[in-house]
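Participant: One structure follows; several queries about it will come next.
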Amino acid sequence: MPVITADKRFAEARVYAYYVLAVFRPGLEVPTFGQPRDFTDNLNGLTDDDHKVLIEEGRRQLDRQLADLERNKSRAATMLTIGLAEVAVLAAGANRAFAFGLWTSIIWIMSAILALLALGGAVSLLTSQAIFGRVDARAVASGPIPLQQQVAIGYAQSVSWGEETIRTRITILRDGVLLAVASAMLYALIWPFISSTPSQQSNPQPKTTGVLTTCPTTCTPSSPGSLPTRTSPNSGPAPSPTSAVPVPAPSIQRP
């Protein structure tokens, strides 16, 4: 298990980055903030009853660690739901944020990055492998020391792995919540400005009411209460029904 101790520079940020990276790299071992302490005592001074007490306490401690892991995953699932909703809200306001100005665009980008980091931490807590110690029955059966004593030593050694794993995962969950809150606060700063900005949309086409007329030839304007009349570009004015047709006068011949 890789270890990034707290005394290293940006240790907490580096551990969180490992957890986010584990989402895209399956099988990557996530680090912890401390190295589990090895149990080196041989328990020779303890009686069989003491060994039984130690075994029972070790079992209860491992059960508590597994319960803490389930609670951590449940809270991570809640954070995942909130993160997805936050990303959806950011995506809905992206058009307005970029249309308003440069400073709102920068704040929107920062808010989106923080929301995605919080989302990555939640997904990693749900999918990454949690390392816990365990008592290997095969190793216990073939050990040189008495069986009960060896089981007690195995529990004493295994609980330290789970403690470091739970401690690290609680820190990752806290960091993810802080990132989600920071993202929401940044978006809340620009929301009063971009909420009054209309989103960029195409110009709506005017709707036609009444009778739609199409003029394949030339349309001549008409009065508002009548439909337009068609005229052909090659034809002259239409003859009036009451117009007189000129008739040639008869010629008169005189003798």
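Even glycines carry a Cβ here, placed using N, Cα and C.
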Participant: I'm validating the feature mapping. Which of 24-51, 52-79 is tagged coiled coil in TrEMBL?
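Facilitator: The listed stretch tagged coiled coil in TrEMBL is 52-79.
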Participant: Over the coiled coil (52-79), what is the model's average pLDDT?
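Facilitator: Average per-residue pLDDT within the coiled coil (52-79): 93.
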